[in-house]
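> Sharing a structure here in structure tokens format.
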């Protein structure tokens, strides 16, 4: 078998261009779109562990948790209504991401970001003012619509704006914003939970207006990407914009490749149907399997329910929120490691190293929880050293995710799609992510109740499978221009059978003849 997953890159182009202050500032502002997703992930788990919130909206859960101390610890939060509060957002995000594909393609990435910010803000206002469960779920669905639009557009925007040599680091700014959002939410939950009168949860939920304002204002001041401008026929403006973001006057080679990719994409009347063509089999496979595996690492279980999880394994309510702050801090720091290393060490190295680290940690956490809780879920008195060991290994697990599957789960799909299918394929990527986020969030507490400590083994199994998948089937995409990416499939031991040589355009897309037929470039 040839070298597994490693493409030959001898024919890769090297476009001129620098990492200008202008493009750096632009990418930082755009990456802030991740704040809304991260804030929501962090806030929902913390709020659902606040007694005042549970008493008001989920009294049955509160009674099970507080009034019967003999309750099986694995099952004390098992409530479909409670999990629907958390997971309803992801169904809405799934619907929004499909709509956002059309908005992003026809009207540009900026408008999709704007819609994301406005919808998220509306959801935050309704949640902060909620008087009944239906208001909570309506607010969560509006938050989901906002996340669907922003997660569709921001990774594409970053991959198109960034010079190819720095694309990995700049794109991971999106994941860094997600982790910062999670950390901020955890810190706020910690302090808001201490407010007398039990209304701190309103501040936690309503506080989502702040990240919503950031992306809304950001979308109004950001420039559009040259790729998107060309796609909408604005060639002169696109060339001027490309010159500015690359910091050089001679961008003719990159510009002509962008135009060629755009012309090819215009031959595609239905990008959704086009995705099913044989030559796009590698792209579609990655658009489905990478987000599928990302959710089955078990990370959202940790992040959604970190306060609940720590409470369940014996920490007090206050201590559990503090432990979530600790894991949030690890998440941010480890994502910075990924920003530093992704364009140096490559995507494959980080995927495989992070997978091995997560697998080991899940095995240790399983052993720790299984030893103390057994199958009946009654741990008795938990010694301090035990709690510290669990937190250390959970933090090590979070670090492994945060420099591998966390950022790369968004980066790799956003950089591999040719322009003619880019919006549709990214929509598939976001949709699959949201479907499995919803499923995991909806059934996690029930699975914890029934599988008990074996739940961590369930996710460990998938971490093993996904690492095998990356080793054999993901080519290295480090240092390859986004419109040149088609060649990594042509040189891969497995995917080359789907992409024939004559289909690969020198710009990495797929050249189309005047009648919409593929022609060989000679």
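Just so it is clear, glycine is given a Cβ too, placed from its N, Cα and C backbone atoms.
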> In TrEMBL, one of 87-104, 231-248, 249-266 is tagged transmembrane segment. Which stretch would that be?
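Spelled out, TrEMBL records transmembrane segment over residues 87-104, not the other listed ranges.
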> Between the candidate ranges 199-222, 487-510, where does TrEMBL place the transmembrane segment annotation?
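Among 199-222, 487-510, the range TrEMBL annotates as transmembrane segment is 199-222.
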> The domain 'Major facilitator superfamily (MFS) profile' (26-478): mean pLDDT?
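Result for the domain 'Major facilitator superfamily (MFS) profile' (26-478): average pLDDT 85.
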> With pairs 6 or more apart in sequence, are the transmembrane segment (385-406) and the transmembrane segment (320-342) linked by at least 3 Cβ pairs under 8 Å?
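They do touch: at least three Cβ pairs between the two stretches lie under 8 Å.
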> Under an 8 Å Cβ to Cβ limit, what residues of the same chain, 6 or more beyond the ends of the transmembrane segment (199-222), are close to it?
26, 29-30, 32-33, 35-36, 38-40, 43, 46-47, 50, 52-53, 110-111, 113-114, 116-118, 120-121, 123-125, 127-130, 139, 143, 146, 150, 157, 181, 185, 188-189, 191-193
